[in-house]
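Before any comments, here is the structure.
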Amino acid sequence: MWVGVISLFPEMFRSVTDFGVTGQAVKKGLLSIETWNPRDFTHDKHRTVDDRPYGGGPGMLMMVQPLRDAIHTAKKASPGKTKVIYLSPQGRKLDQKGVEELATNENLLLICGRYEGVDERIIQSEVDEEWSIGDFVMTGGEIPAMTLIDSVSRFIPGVLGDFASAEEDSFANGLLDCPHYTRPEVLDDKEVPSVLMSGNHKDIRQWRLKQSLGRTWLRRPELLENLALTDEQEQLLAEFISEHNAK
């Protein structure tokens, strides 16, 4: 996958290209990330990238010319058909379904806003989709862009050592993930559930599914409203609720 990024602070993306799973993906050639700074497309000695909004009001907007030139240059550098995304509080909220949709694209161009945002005409003429990571405001689109890159890259074949990790994570099937345990067997008098050491794969699968359903019911019950549970899932959830209420 190729990802282009338009940002006034391209150095921030070293945390994506140099570290962790995404850094390994870059080294393996599975993920390519290129950045363009609108400041490099300015024509004045101050390298100005902000401008006053028409109608007055507080704050500034990103200057049209440097931003637009950066976008056009990035589009030309893309290896193929590219989906252009503007990270914005007004965009569609990113969730697991959205991540999986975005992961089907071979090329993405992410525009990171700053100040009070960008000229609406840039969005209308250059942007395919707007995406948000939540109902809150940040100082810029860089961290949302890094969040999007990190989550989408997990679905690139070969990025994760075991692709099942992406398929079994929280939200992958509409549910929160089940609890996980590693050594030691006893930690501060708390023992690993015996079923996980039983070697019975059927029992382990059912335990994990039951815990996943129960954790979703406890912490994010609204997620269950949108799911059509199987008979097995209905039974396991009922058992979890009964056991929980009996405590």
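Each Cβ is built from the backbone N, Cα and C atoms, and glycine gets one as well.
For V137 (S-adenosyl-L-methionine binding site), the same-chain residues lying six or more positions away in sequence with a CB closer than 8 A to its CB are P89. Positions annotated as S-adenosyl-L-methionine binding site by Swiss-Prot: G113, I133, G134, D135, F136, V137, M138.
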Which of the listed binding-site residues (G113, G134) has the least company, meaning the fewest other Cβ atoms within 10 Å of its Cβ? G134
For D135 (S-adenosyl-L-methionine binding site), the number of other Cβ atoms found within 10 Å of its own Cβ: 7
Lowest 10 Å Cβ neighbour count of the binding-site residues I133, M138 is held by M138
Checking the spread of the S-adenosyl-L-methionine site as listed (G113, I133, G134, D135, F136, V137, M138): what is the longest Cα-Cα distance, in whole Å? 16
